[in-house]
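Visitor: What TrEMBL records for this protein is below:
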REGION    1-190  region 'Phosphopantothenoylcysteine decarboxylase'
DOMAIN    6-171  domain 'Flavoprotein'
DOMAIN    187-401  domain 'DNA/pantothenate metabolism flavoprotein C-terminal'
REGION    191-405  region 'Phosphopantothenate--cysteine ligase'
BINDING   ASP280, LYS290, PRO309, ASP310, ILE311, LEU312, PHE331, LYS345, LYS349  CTP binding site
Amino acid sequence: MSEKRNVVVGVSGGIAAYKACHLVREFTEAGDNVRVVPTESALNFVGAATFEALSGNPVDTGVFTKVDEVQHVRVGQEADLIVIAPATADVIARIAAGRADDLLTATVLVATCPIVIAPAMHTEMWLNPATQANVDTLRDRGIVVLEPAHGRLTGKDSGPGRLPEPSQIAAMARTVMDHGTFDRSLFGKNVVISAGGTQENIDPVRFIGNRSSGRQGFALADIAVNRGANVTIIAGDTDDLLSPPGATVVKVRSARQMYQAVHDAAVDADIVIMAAAVADYRPEEEAGHKLKKGHADEQLATITLVENPDILKGLVEKRNSGETSATIVGFAAETDNPLEYGKAKLARKGADMLMVNSVQGGKVFGEERNSGWLLSADGGVEEIADGTKHVVAAEIWDAIESFER
Ligand code: C5P
């Protein structure tokens, strides 16, 4: 993954153009060769000098510069990835119409590499049937149009239309570059994903917890959202992660709260993925005050534990009794014999699929990369090669989708 790749960052004329500076950094810092191609109106927001300094490459907007080098064709031919962020309603319309009246649209028209577009505009423009039809056209042609984030827009209004954060756009764009393009294969599906670790209180200041950054679960949610699913994340304790655009995030703390939230959401779910690290046991009693060291409060030295309900197993029971029809996917983090223990766990839990990763020596926790094996109830074993957690998530989704068919 170390070879230098040619990434074209297209920037069109919306206020979110300033975020493109951070996006350029995401790629240059990963070692890619970045060529920024702004539209003429993007330069009203960010100057060409800024993009030239950040990318280390010249910046042009029109098709009549460097004509001797046939630049309007060459940039697109040499690209390994084109990512346009922000993409305005106007540039989306021009690309949908097949126009080539500036360097960016000409580059898109020439390119055969993956193209990722991150729209940003006011909600009314985004929801306008003209824009939606143009977006459908681009998606039908294999271009990945990312879901816009919901939230505060430039004025006082808020709604769908915000540009996702540069790190989110970069993660999706890299996944498309490394794993290949994807379509709206999860459109209309209700997906529930648990992520992070649960925390079981001992007293008001202490708890028993499981290590988990929540990154793999959030990456699964990111991919699902952009494949068109309605996604609910049930999040325990996680690193400070950005929510995928449009996903509903339900925060919980203990295993029992997670049980309730997952089981409530599972009723209407098509797919449930338990990526959370759930504490198997909790203190039998939670003290109402801070327990004192060396005090008569012996509870601190000896904590009696009771077993938590198994959320995954409970889901399988519900599915078997017809209360949900969801496909159920579990995770297993193992320090020894991951494949052997994984197979036994899949059989014991009765899930449809299980992603096993080896966490020997703390590997995987909080890291950007993952690997392992994806087991299915019919005996299938698929090795998942080392990759970013987003690429691993894309592979898991491919497998779930073919399992469902
Ligand atoms: O048994 P173990 O904790 O290793 O199983 C891991 C899988 O089971 C994960 O998918 C995890 O989210 C799920 N799990 C659960 N409820 C528990 C413990 C684990 O759903 N109480």
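Cβ from N, Cα, C; glycine included.
Unlike curated entries, TrEMBL annotations are predicted automatically.
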Visitor: If you run the three-state DSSP split on ILE311 (CTP binding site), which class comes out?
Guide: helix
Visitor: Restricting to the record's CTP-binding residues (ASP280, LYS290, PRO309, ASP310, ILE311, LEU312, PHE331, LYS345, LYS349), give me the longest CA-CA distance in Å as a whole number.
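Guide: This binding site's residues have a maximal Cα-Cα distance of 37 Å.
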Visitor: Here the binding-site residues are ASP280, ILE311, LYS349; which one has the lowest number of other Cβ atoms no more than 10 Å from its Cβ?
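Guide: The binding-site residues ASP280, ILE311, LYS349 were compared, and ASP280 has the fewest Cβ atoms within 10 Å.
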Visitor: If you count other CB atoms within 10 A of each CB, which of PRO309, PHE331 wins among these binding-site residues?
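Guide: Per the Cβ count within 10 Å, the most buried is PHE331.
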Visitor: Could you please provide the mean pLDDT value for the domain 'DNA/pantothenate metabolism flavoprotein C-terminal' (187-401)?
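Guide: In the predicted model, the domain 'DNA/pantothenate metabolism flavoprotein C-terminal' (187-401) has a mean pLDDT of 93.
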